[in-house]
Each structure stands twice: as C-alpha cells, then as structure tokens.
Amino acid sequence: MAEVTVKQLAADVGAPVDRLLKQIVEAGLKARSENDAVTSDEKQQLLAYLRKNHGEAEAEPRKITLKRKTTTTLKAGKAKTVNVEVRKRRTYIKRAELQPEPEAEAPAPEEPVQAPAAEQAPVEEAPKVAAEAAPAEAPETEAPAAAETEAKAAPEPAAESAEPAIAPEDIPMPPPEDEGRDRKPKKKKEKVRERGDDIEEGKPKKKQAGHRGPRSRPVEEPVVLSEDEEETTLRKPLRAKKKPKEKRHAFERPTKPMVREVQIPETITVGDLAQRMAVKSADVIKTLMGMGVMATINQALDQETAILVTEELGHKPKAVSEDAFEEEVLSEITGPDEGKEKIKRAPVVSVMGHVDHGKTSLLDHIRRAKVAAGESGGITQHIGAYHVETEHGMVSFLDTPGHAAFTAMRARGAQCTDIVILVVAADDGVMPQTKEAVEHARSAGVPIVVAINKMDKEEADPDRIKNELSALEVIPEDWGGDVQFVPVSAHTGMGIDDLLEAVLLQAEILELEASPDAAAKGVVVESSLERGRGSVATVLVQNGTLRQGDMVVAGSFFGKVRAMTDEAGRQVKEAGPSIPVEILGLNGTPDAGDEFFAVADEKKAKELAEFRQTREREQRLQRQQAAKLENMFENMGKDEVKTLNVVLKTDVRGSLEAITKALQDLGNDEVQVKIVSSGVGGIAETDVSLAMATNAVIFGFNVRADTASKRLVEQEGLDLRYYSIIYNLIDDVKAALTGMLKPEFREDIVGIADVRDVFRSPKFGQVAGCMVTEGTVYRNKPIRVLRDNVVIFEGELESLRRFKDDVAEVRNGMECGIGVKGYDVKVGDQIEVFDRVRVERQLESTGA
C-alpha cells in the first residue's frame, strides 16, 4: 500500500490529528509529526493495537437494533376511520471476523467435508449484520478461506473502530424483491433463501433453495436471534421454497413494427381487413375517415380503397383476384378433358328476330307442335329449348323473345348457341330488335342464317329485306357475301327443309365436336320455382353427359340431380351434348345464362357455391353503398324523390330479370320504381307481409297468390295485380308513376281591362272604372296589374260591378267597376285576368 502522511490518515479515518499522533506513540511506534509518512506495516501495527485496546477481538459480537414504525388508516365505514400503528424491532448480531488460523490448520482432505459448514457459517453471520448488506462487506463473507482477505478488510474495521457511530449506515435498505421480509411468516424462508445464495459457484443453482434447505440444518451453527423474533420463528417447521424466478413475460414486445403482406380481394369488409392486418377495426375506420370515407365495420370496401388503407397503416398490400380461387376450385372438381374421345355433336341454333315476325311459328312447323298458341298475347316471353330429329340429323333450337325488354335474354341466347337463325318478316322489313339480334350474333362470333318469313303474303318483298340487311353488313350469298338467305313460310311450310339443310351445312363447316364421356358442362337456359317440384332449371348440355344423381353446381347454387325431363315432359336418365333438359334438385333458382357443371366432390361444390353467394352479396352491398355516396350531395337541397314500391313475383328467372330491368329503366329525377322484393314462384304470405310493411304494390307475372295470401290482401286492402303480358305490366307501372309526378299549371289569359278612371267608394274604397278590351273579366279569378307593360302587382278582384249590380263576369267591349284588393291602381294601368290550367305530365323514360 502506498505511504500516506499522518494528516491524510487522520482525514481518512475521520479522527483528529492530535489524537491519532497520541495513539501512534501508545502503539509503540516512533513519534512523528503530522507531515511524516506512515507505512503499511505501521498501519497494521496501529490497527492491532487499537483492536486490542478497545477489546473488539474478545468482546461479544456487536449488536445492531433496527426499529420501524408504520402508521396506516383503515376505513370502517363511510365516516369512520381507524388508525393502525405497527411497530417492529430487529436485532442483528455480527460475530467476530473469521480468523485465518483454523483454515490454515485445516488439512486439505477435510476441505470437502468442512466446506458446507465453513460456507454456511458466514451465511448465518451475514443475515444478522448485512444480509442485505453493504457491498463493501460482501467480499468478507464470501472469501473466508483466503488469507489475503484479512489484509484487504483490515482498513474497514479500523475505520469502524475509530468511528463506531457510522456502523448503522453500512446496512442499506433491503432490495425490492425482499420488501416483504418484515412480515413474520416469511422470516425463516428468507434465511433459507440467503443461505442458498452464498453456495459456492461450482454447485448447480438448483441447490440454492428448495426442499434440500432443511437437510443442511444440523451442520449449521446456531442462529442468534433477538427475543422478539425467536418465538415467531420457531412456531412453524422450516419449509424452504424454490427461489422464485425473475418475473418476466415469455412474450417480448417486438422492437420493430410488424409489416405484414395483406392479401386484398376485389371486395373486403372493414372488419376482415383489420383482422388481416392484426389491427383494431377502429384504427381502420379512423384511417378511412382521414381519407374522407365514412365507413362501418361491416361495410364492404373496393380493392383500391383497401390497398390505400393498408399502405397508410404501414403494411404491404397484395391484390388478389377472386377468379383465381374460383378457377383453382374448378380445376380440382372438374377433371381434365384431354385424352377423351370426341364425337360430332348436333348444332345449337338460336332463333332470333323482331317481335311478331314469326319465330315461334316457324319452330312450331319444324317441331310439328303448337307452342305459339300457348304463349300469352301470342308473344314469346321465355327462352324455349327444344331438340328436333329431322331427316338430315338432330338440331337443338333456342327460341328467344323478341320484345325490347328481353335484351339480356337474347344476348344469352347468342352466347350459348352455334348458329343464329335471323327471322325477318318479308312484309315488315328490318326492325329495331332485328338490328339488335345482328349485333348480338356478331359480338358472340356466331354465323347467321337469315330466314325471310311470311313469303305467302302478297306484300312480301325479299329484295327489300336483302337491301336493308346489307346495310347492316349482312350480305347474301347471291350478292357475293357469306350469309345464306332462305325464303320460308311458317304458315304453309314453304322452305322449311331448305332452312334445315342450310343450318346443317353451316354446322358441318363449323365441325362441332364434344366428348360424351367427360363430366357434364353446359349453360342454364331458364329456371323457375314450381309447387311440388321445387327449383326447376332448364339446362343445355354443351359437353359431356349429364346423368341422374350427378352433383351439379349452377351459378351460386348446387344440388344433386333428382330427376330429368325433356321438353315434352318425359323422364330421362341422361342427356348428352346439345340436349336441353329440365333438372330438379338444386337448392335455388340460378340465373339464366349461368354456367353449370357436374362435379364429383360434394364438399368442393358446396364451398364454391357459398363463395359465389358471398361474392354476390358483397358486390350488391358495395353497389348500394356507392349509390348512397354518389347521391348524397346530389340530393341535398332537392325535394325527396317519390318511389313506387313493388313486390314482384314471376314464373321463371328470365322473365324476372327482364321485368326488373324494364321497371328500373322507368322513372326520372322525381319518381322511381323500387323493387323491395323479387323472386320466382307463387305469391306467399311473407310477400304480402312485406308489402304491408313497405306499402308496396304486388305484381304477379304468370303466378298466383295462395288462399291465405288472398285473404290477407283483402283484409289489409293491398293492391294485388296479375299479369301475363309484359306490355301491360310496364304500361300500368308507367301510369302509376305518371300519377305520382307533381302537376304542372299553365296560365291562360282570359281577359284584359284598361283603367279609364279611378274613384273612391265609401264601401269598397278605391274603385277602377275599366273598359274590357279583350276576352272576359271573371270575378273569382286571379289578376295582374300592368303598368307600362310591366307586372307590378298580382292578386285578386275584390269586387266586380256593372252599374250598381254585382256581376260574375263582364265581356269584351263593356264597361265595369273593378275593386282591386290591397293595391291602388292608376289611370292607364291594365288589369289582366288569367286562369291556371292543370297540365297532365307524361313520364319520359328510356326503358319505354
């Protein structure tokens, strides 16, 4: 140790210099001044003298008593409190420092045996003096076997001897984990835990505490306790506890934000988007509000909006097409068709043309049937599917409606056919639906065969038809084109065979093939809901063979084929390519034009159908929400739009679609049609109840209400109407909307009178003497006062007199006295009498 002066040593130990010089002399050292140096050996000699002089080596262990008083308040009621004072006293006894002699005398072989006792003896001493002890004393208790420890620890007792008053300051406050040690039941456990903490490093940590603690008690030296603690400590047997592990969560909070790749379909609800990003829905809604979009948790978002929200929240969006999932499922449930033998199949022919041009009558002659007579009003309102065995081969026909409302139906007919027969009346020429049929066929890429019908009439002019169609780029073969024109007569049967030959010739050019061994695949032509049969779908098989018992997916519906019938109503077990059949067993009525296919896995079929239903519902909700947002600001400040609520029930799905489209096209900015419910099948009580709740009109197209529904309609006084012709339904709705329009009034001038003089009457006040110059002046009609041909007042007549008599009217060329109510007229003014005439408005709509 480096030498220090007496003055420095006195400052270190905190004693006066004179006293320290006196103690140096008493210790037998050479006398010196305060600036003389003191060596390390002299320090040790001085320390030994001081210890001996103060009797520290032989004295009893030094005691330290700690007292603690805590005061708390307990509430014994609303207004009563009790003060509780807890007083605690602890006495810690520190034994003399361990001497190095016993350790030096102890033989080496005995070290493993004595190690537990030697190690645990200081453990007993440490809790009494500094179990929660000062860091300066920790090396003292942990290294009793080292001789050099005595030299290191020597200055500390010297300081303690010099100033014993600072001894209590060496004991720090307990660490946080032992704050509850002052509770009596825990005292013994704390001692065991302290003993376990000082086990040498070479032993495993499991031996620090636990049930092995009590086994080492016989080896321990007795623990000296104060009288206050002795009784409480020995009250219960010692039972050690495992040292509690550090209380930490197993999950550690990530230091960096989690960035996820979020798959976003075409439509997704706010709740689903929040779940995929692992954030709260409120955060997504808040972000949307910041972007100017007001949304709820169940509202559907489009893909672009969802991508913006995802990027705003710090995640990576990935746009996903819903068709990918559908195609994946389709590839799983429909096997590949490669390698299966293909055979020639019959052509599917769609008969199209303008209304009343003879399409159905032409088919009747081909099928030797009378279908047209069965159609209401003599017009076709459904797609009919038939297959005909002719001398030249089998042909499947689709008869489409010609009315303007059935545009979508005709488009579907063109999409699922191979050849289009365009029927044009020779006496009528090309009409709007004829042009539309040409456009449908051209957009579908289907060849056309023109049938010029009604050739038996005298006014038939086939050349005119050719000229008009050539303007639509339908060029006949004899004019150098590629379209066959066949003159026919559905009435006499002229040219029918030629027409079939032309169709089959066109089919040979197309080389139509199909594989009968593949899984059935085709298109839904029509669907309906029939009492006793359930959902009935007319399907056209385009490839494969459909058998009874097959699992079928059609649009968003699925089911097992329980029965199949042909167009004549005969039961069939299977249907090959190009054969139309009616199937029973679907769980709903699919839309006309939906694709159907037979599958082997019922689970996958159900999964695909439910996926399509969910997608349709989300798209519908999204359209409704978009319409609300678009019209929100447009409708602000405007009068409320009047709506005609309609409950619509039809016999087949195609008619439902056509009527719905036609009704939605009606209306304008003032009145609109709102279809609150629509469906296929008869009118049930639920439909009537809905009409009651929404104050709606019930329309039945080729369907009827049951007895209970009729009774409810009569009781509630609802409006129930049946229709079989689409014209009549649309006309009635148009008339109802017209009646809902605000009336317009036209002002007609009925008479003009010039003011010639003004005089005052005691009874009427100011009276104008007038001459009627035009028309007739009536007493009870509104008037205007004109001055210099400018209207300055508008009001009513207070009185109209001729001479002294009150009159109802004064004709042209006669004088009269006119009292104007609330206004003073002057000479030269004109009094104009007019009448307001109500003008009935007509509904202008694009769908009419």
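Backbone N, Cα and C define each Cβ position, glycine as well.
As the structure is a computational prediction, the values presented were derived from the model and not from experiment.
Copied from Swiss-Prot, the annotated features are:
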type	residues	note
BINDING	353-360, 399-403, 453-456	GTP binding site
COMPBIAS	105-170	compositional bias 'Low complexity'
COMPBIAS	204-215	compositional bias 'Basic residues'
COMPBIAS	236-248	compositional bias 'Basic residues'
DOMAIN	344-511	domain 'tr-type G'
REGION	90-253	region 'Disordered'
REGION	353-360	region 'G1'
REGION	378-382	region 'G2'
REGION	399-402	region 'G3'
REGION	453-456	region 'G4'
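The residues of the region 'G1' (353-360), classed with DSSP into helix (H, G, I), strand (E, B) and coil, number 2 helix, 1 strand, 5 coil. Residues in the region 'G4' (453-456) partition by DSSP class (helix H, G, I; strand E, B; coil) as 0 helix, 1 strand, 3 coil. The Cβ of MET455 (GTP binding site) has 21 neighbouring Cβ atoms from other residues within 10 Å, across all protein chains displayed. Counting every protein chain shown, the Cβ of LYS359 (GTP binding site) has 31 other Cβ atoms within 10 Å.
When each of the binding-site residues GLY353, ASP356 is scored by how many other Cβ atoms sit within 10 Å of its Cβ, ASP356 comes out lowest.
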